[in-house]
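Q: Questions regarding the structure given below will be posed in turn.
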Amino acid sequence: MPNFYGTEVASRLMLGTAQYPSPAILADAFRRSGAGIATVSVRREAGGDRAGQDFWALIKELGVAVLPNTAGCHSAREAITTAHMARELFDTPWIKLEVIGHADTLQPDPFGLIEAARALTDDGFQVFPYCTEDLVLCERLLEAGCEVLMPWGAPIGTGLGLNNIYGLRSLRAHYPDVPMVIDAGLGLPSQAAQAIEMGFDAVLLNTAVAKAGDPAMMAESFALAVQAGALAHAADPMEPRDMAAPSTPVLGKAFL
Amino acid sequence: MSSPITILGSGVAGLCVAAELSGAGHAVTVIDPHLAPGAHGCSWWAGGMLAPDCEGEVAEEPVVRLGRDAADWWQGKGAQVTRNGSVVVALDRDRRQLDRFARQTENHQTLDRAALEALEPQLADRFDRALFMTQEAHINPRETLLGLHARLADAGVQFVKDGTPQGQVIDCRGLAARDALPDLRGVKGEMVILSAPDVTLSRPVRLIHPRFPLYIVPRGDGVFMLGATQIESGERSRATVRSIMELLNAAYALHPAFGEAEVLEIGVDARPAFPDNLPRIGRIGDRLYVNGLFRHGFLLAPAMARMVGAMVRHGDQPEVWHEDHS
């Protein structure tokens, strides 16, 4: 099971908490998913006088670890300020660091990300950076003190799955011991299974579950997919090959 | 004359309950520090769509079913209800979302450009496909609240600032009742009112958008209401630049004529909601509570009022009854 900054988590599934039809349905989705971590945004909800506290109290009642995020921040400075607010609100050094570089694709800003990651780890935070699968960026994030990476599968909310299989495989192979979570872009359980089969430690979803017709049922289907992916990875899958190999030996034919 | 009733709060829930019970012959007093509906209550900032089918995209079944009779109820109480349906559109890149919306909702027709042109000519320049929700209606919430308030006063309902409650007390104070209802929370909403004389929309229009969903409700005389954000926060003030920019951008994407509109008003308040976002009627001690109407005040208040009426008069337990608030 994944271990993030020394904390073992009992599930490979992490869920976001936005966009559900109601907090009650959100809680149902968590129950049926068995997710071990809930991400929660604080920036827009905070307002004056901790106006979001009722919702955050509901999140705390889910009984899972809370990973606050800096969703909606477009600069390192903004993200750093939000991270401090989150640490105070949730009493945790964990922060999922998002620095958005492009308004339309919500693509991470690699430069702002490294700047903020460095500042936050220096300040005692345990940073979970939302990044791309770019190997050099990931290397710099590790140098900046991050001990977890959260590469995207595809842009946030698109449901396109793993867009760059080669890049993700290469990243996984270069850093076999760094906990990695596929964050963003997953739309279907099969895509989550694929990520875990490839050796990623966990997946994080929000829209795919929250915006499903039946969020709780979709949450459970992702839980089963992640379980299947983990079993497959542990079972050491066969290597693909070009030549067909009949599973039942064909007798009486010469080798070609 | 039946037993006296005291209602706390003159928002949409309080006034509808007052209308139902006063109509049944009870002596009704409404206590509200502001005496009458106004900017202090979140129903003042409502959109005024009576749109059970559209709401069914996200809301659970009771909202759709209980909301079905709202237009008739309001009309019966003398409100000016415009019953010409509503239109749902999506930008080109979100076309598939429109199909999904159609799957998740009922009572609609798919319009091609020609059919849309006949209904809302200005939209046909920009959209070649739309859903027409045939059963929906809209009202002007402020006129409706003030009109109902005046008719109730004429009918003998007393409106007082304070005083000792007499008889059965029915608490309809919305978010102010959090002192008694600990699982009630606020969901912040921001809205804009525009004067756009060049825009001719005659029915509510919803724009499906993955990030900035928007609805526009015509208020007559070229005035339109744009709504509304939905943020998990109990904050009742501070409309942010980001939210207002998103609303205005979405309106501009819907039709460029909104670019020349005049901003008349920016509003913000928080809707009272329980964790399932469904309304409740409950009792604590002797006091009845009607609350949690969330974003469905005008849609659900009539059904809630009817249930309260049936309970007070005949002891019928409402389907939205909630046993224990503590």
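Cβ coordinates come from backbone N, Cα and C, glycine included.
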Q: According to TrEMBL, A:A184, A:G185, A:N206, A:T207 bind 1-deoxy-D-xylulose 5-phosphate; identify which of A:G124, A:G145, A:G157 is listed for that same site.
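A: The one candidate that TrEMBL places in that 1-deoxy-D-xylulose 5-phosphate site: A:G157.
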Q: In terms of Cβ proximity below 8 Å, which recorded positions out of A:K96, A:G157, A:A184, A:G185, A:N206 neighbour chain B?
A: A:G157
Q: Given the binding-site residues A:G157, A:G185, A:N206, A:T207, state which is nearest to A:K96 (active site, schiff-base intermediate with DXP) when distance is taken between Cα atoms.
A: A:N206
Q: Which number gives the other C-beta atoms within 10 angstroms of the C-beta of A:G185 (1-deoxy-D-xylulose 5-phosphate binding site), all protein chains shown included?
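A: A:G185 (1-deoxy-D-xylulose 5-phosphate binding site) is surrounded by 23 other Cβ atoms within 10 Å.
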Q: For A:T207 (1-deoxy-D-xylulose 5-phosphate binding site), just give me the three-state DSSP call.
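A: Once the DSSP labels are grouped into three classes, A:T207 (1-deoxy-D-xylulose 5-phosphate binding site) ends up as helix.
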Q: Which residue, of the binding-site residues A:N206, A:T207, has its CB surrounded by the fewest other CB atoms within 10 A?
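A: Result for the binding-site residues A:N206, A:T207: minimum number of other Cβ atoms within 10 Å at A:T207.
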Q: Note the Cβ centroid of A:G157, A:A184, A:G185, A:N206, A:T207, the recorded 1-deoxy-D-xylulose 5-phosphate site, then list each other residue of that chain whose Cβ lies within 8 Å of it, in sequence.
A: A:G16, A:P155, A:I156, A:T158, A:G159, A:L186, A:G187, A:L205, A:A208
Q: Which ones in the same chain are close to A:G157 (1-deoxy-D-xylulose 5-phosphate binding site), with CB under 8 Å and 6+ residues apart in sequence?
A: A:L106, A:A184, A:N206, A:T207
